[in-house]
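For reference, the structure discussed in these notes is given below.
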Amino acid sequence: MEEGARSCLLQSRSSLEQDIRASYLMDHMISDGVLTGDEEDRIRSKPTRKEQAAALLELLLRKDNHAYISFYNALVRESYGDLASLLHNSLPLVSPEAEKSFSDGGTRYVQAVLSEGGVPQRPVVFVSRPALMNRVREKLYHLQKEPGWVTVFGMAGSGKSVLAAEAVRDHALITECFPGGVHWLSVGQLDRSDLLVRIQSLCFRLEQQSQEKDPSSSLHRPPGSLEEAKERLRFLMLRRYPRSLLILDDIWDSSVLKAFDIQCRVLLTTRDRSLADCVSGSKSEVAVESGLEEDQALEILALYVNGKPQRLPEQARSIVRECKGSPLVVSLIGALLREFPDRWAYYLHTLQQKKFKRIRKSSSYDYDALDQAMAASIQVLSEEHRERYIDLTVLEKDVKVPAKVLSVLWDLEPEEVEDVLQDFVNKSLLFRDCHHRPYLYYLHDLQLDFLAEMNRSGLESLHTKVVRQYQQRYSQGPPTSGDEECLYWFRFLTYHMAKELCSLMFSLDWVRTKAQIMGPAHLINDYVEYGAILDKEVRGQFQEFLSLNGHQLEQRPFPDVVQLALSQPDSSEVYRQALLQAQERATRGGLYLDWVNKSSLKSLSRLVVQPHQGSIYSACFSHDGTKIASCGSSKTLRVFKSTSGEKMLEIQAHDDEVLCCAFSPDDRLLATCSSDRKVKVWNVERGTLMRVFEDEHEEQVNHCQFTNTRRRLLLATCSNDKFMNTKLWNINKPSSQNTMFGHLEPVNHCCFSPDDAYLSTSSSDGTLKLWEVSSANEWKSIDVADMFSEQREQTEVMVKCSTWSAGGRTIICAARNAVFLWDIETSKKMADCSGHLSWVHGVQFSPDGSLLLSCSDDQTVRVWETKKVHTSSAVCLKRDSDVLFNNGDITVVAADNRNRLQVRNGRTGAVMFQSENQESRIRCTAICSQTSAVPSGTSLATLQGHTRTVLHCQFTPEGHTLITSSEDTTIRVWRWRTGECVVLEGHKEQVRCFSLLTTTPSSETHLLSWSFDGTIKVWDMSSGERLQDLVCHQGAVLACDVSPDGQLFATTSADKTAKLWNVKDGTLLKICSRDNKDAMDSLHGGWVTDLHFSPDNTVLLSTGGYIKWWNVEKGEALQTFYPTGANLKRIHVSPDFSTFVTIDNIGILYILKKVE
């Protein structure tokens, strides 16, 4: 140590011994590396404070200049300003160690300035973070011309203080920007009195330094209040040190920061990024990563043990990975290893076991001080309140809770809970958000860290207590109030469950209630967020159930979750729970249907979402794959999470239907186009409009698409314009850049190739064209319509949309309600997938190509797994079918999509017979109840007579007579073996269907028919006489059924009504209309197309978009089954009303059996 410094220390020795607390100062000196742990222990062993101070000074006199400077800085940081002033004049300008420390750009001048300002010296073990340091310096240079704030923020132990000190260790920065000096103040968590002491100390130091430079200036008395101290500091910083930097280290509270809002230049370190919002002036910020790079952390450990990074044991890398490169933890373990270099494995194990007490060492880091303060504060609580405070360990960070939640946990009245919480708030053990009514309460992160460490062994039982108390309070069912308490349980009960009680998340009761209140997206998020600690198989089953049925759970009235879950695979935990609940409810009269043959169906969809009311015309992935945007007839643009469907943004985007949306390559922009002929560009993060193109397209704009790369950002649009229907835009210019000519019909879709070299366009003229982007010339044209010969016979094939694969060799296009994958070079279809119920408007690959997105008029967005659609779809059945129930066996006869007749075993799905392809479409089928063997395919008879399409056919019970109805308005009764025929004439429009009246012996030859002419007629089949003629509806009669006792029959119609009639005299008994609460059509998703009474007349079965079972007497729905498809045509019912068979419009066969 220099002689001057040693002499000053000896002269001030008595004053120092009298006042200082050595334990406070040693933390800083150990952090600076001038004191060892053993030396600290020897000093602490002295019995009195004064003896400890004397021992510290005695030790200090034997050390070097670095120790003197560290001791001086410690005095400044611990508010011993008057004592520090005794040592100030003798501060060494440089030391050998300091020369090394400042060798990267610092000078003696820099060292002197920083030492005078109390800036901590560089730690003995130090690794530079140049990128971060340069960012801080760049922000500090912005303060050269005017006052302002630079915030350095990051999590605890991320190295913010070291970074701030290192950033100002630069000669050019200080001379150019802060010639008035750099002044460091350690703040931490302070009350008003402590804050006043800190500012008094700072003002004293500044005045003393000013007096040394200008002896004419005088020292003032210490300011007596915080307001006076703020004004004193303002005067000093603006008048005496006008171009200086004030560094506020470790700011916690905005109220503390306001005390320094004095129009000066400030650098502050904090964990709270938003603190600077409370002060005035220009602001900038630098985020500090929570961990060092692995090579930097290894370098620190190597410096501590005097080795080289590459020669460290393998445990060194494991330690770095375990603490994620935390500078604090790496330094603490490094310091311990310096004393015990053979303990690598021990400290790794200690870290893995989270035994942080064993790796803590005395230092200047605030965690230690907080531990002591927290422990002392908790000890002064009553025993009862102490136990309740420990219960708060289970709260999640950054979560505010209402008192009612804690009233459930503690089983107290809310008012009693508020009294307890007020005690915690008064002792600074809890914080209260007073801006919310009722009040919300929360713990600081460090308080939670302290509680978690203190109660580590009891954490499981604490979470168990939360769940048990919740179950006890809500034993009759989850809360439904929708207030803050209710929302807390639905958001965070899964957090408590997932911690220790994972299996409780797998409850259909929880799924039903949370989905009803918060929607299915929140449930899916639970399974995604806690997936790592949940049973993988069961979690996957519940997540799949919600992903594929979430759009049903958005419906009102809310569907029966148990019935939905019965459609899950038999091996699923979801199905197992649903079956148990269905069986239990069936004993109490509940009605549930089990889908017997569901194992034959494999769902290709991964997520089904219903984000809009009305048709969805476009949906697209963001380029990072985390978001999906969609738009449609609702005129809105919506962005939601791709994992769960949770809404992130919703914009009223256009004045008319929004036909397309597209993300820019960096996901910061979204383009939309509309029937209003406008193209708009939006900022995704803020939801604000940036640009509108509205002058060039004269018809509706069908599609828009950005280029895939940022190299040259272009936007392509296409429209219904006759010739100039495809355009390229530079979004920074008001007019289009280029126009493609070639399509003479509307262009429905355009899409850039992955390398942006080509643009594909899909048109109503049936072609797919590929264009060179650079020249706007046509490169290739594919006549897609020729590949859809079957559909083209019925209607023109319009190519609705297309998208390229990642490699650019294949392209997907959509026509009607199917999606097809094509090889561009060979123009051959590679795969197809069906599932949508109406026209598909958009398709897109996810960025990695693993998923395929499609949206449709059926109001759904579907996400498909690409690898599962790379095979041709299986043969599917048509809805024209008949079923034979015979002693428990089920035989289904139906046409397939290749116009063949199939006979299948209903229980196993096995094909028993399959005919050759027929020349004309098979419109109806019937199976004779007397059939004793599997059909051979031999034609037994061809019956000629109808002049138009036959719509329905049915055998009589004995099998000798076949009855048919037709579009030619007649019904024919055939003796099919002889060809004899009785014609029943009287309907004026096509006869959709009929039913045999076999309730009494006298009615065996009677037949009831219904027609599009709105009438019901009863016939004598043997004579052809018309016995009854009822005008039932103004529109077409779609379905009819007679009750088993022959007393009632029911009808439904296209006029949106259902009616109940008396068979005997034809009188109308009841009308169910759209405006009636009993209306069936409005709850079916379409027209009601078939009806069946139960044998006891108590239940009526109806089909349409869904299948419904009704209580005849009350008119109330008993159960609803939601098929995968829609537009059910007929349903076949077993004689005992326990088994139901139907086929939907995408060819899925349903064998439903009542749960008993």
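Just so you know, the numbers here start at 1 and follow the chain as drawn.
Using N, Cα and C of the backbone, Cβ positions are placed for all residues, glycine too.
Remember, predicted model here, so these are calculated numbers, not experimental data.
Annotated domain 'CARD' per TrEMBL: 1-90, in sequence order. Note on the domain 'CARD' (1-90): mean pLDDT across this stretch is 83.
Mapped onto DSSP classes, the repeat 'WD' (651-692) shows 0 helix, 24 strand, 18 coil. Under the heading repeat 'WD', TrEMBL lists 651-692 (among others).
Under the heading repeat 'WD', TrEMBL lists 740-781 (among others).
According to TrEMBL, the feature repeat 'WD' maps to 833-874 (among others).
Annotation comment: TrEMBL describes 943-984 (among others) as repeat 'WD'. Residue counts for the repeat 'WD' (943-984) under DSSP, helix first, then strand, then coil, are 0 helix, 22 strand, 20 coil.
What TrEMBL lists as repeat 'WD' is 984-1029 (among others).
Among the features that TrEMBL reports, repeat 'WD' is placed at 1030-1071 (among others).
Note on the repeat 'WD' (740-781): DSSP counts are 0 helix, 23 strand, 19 coil.
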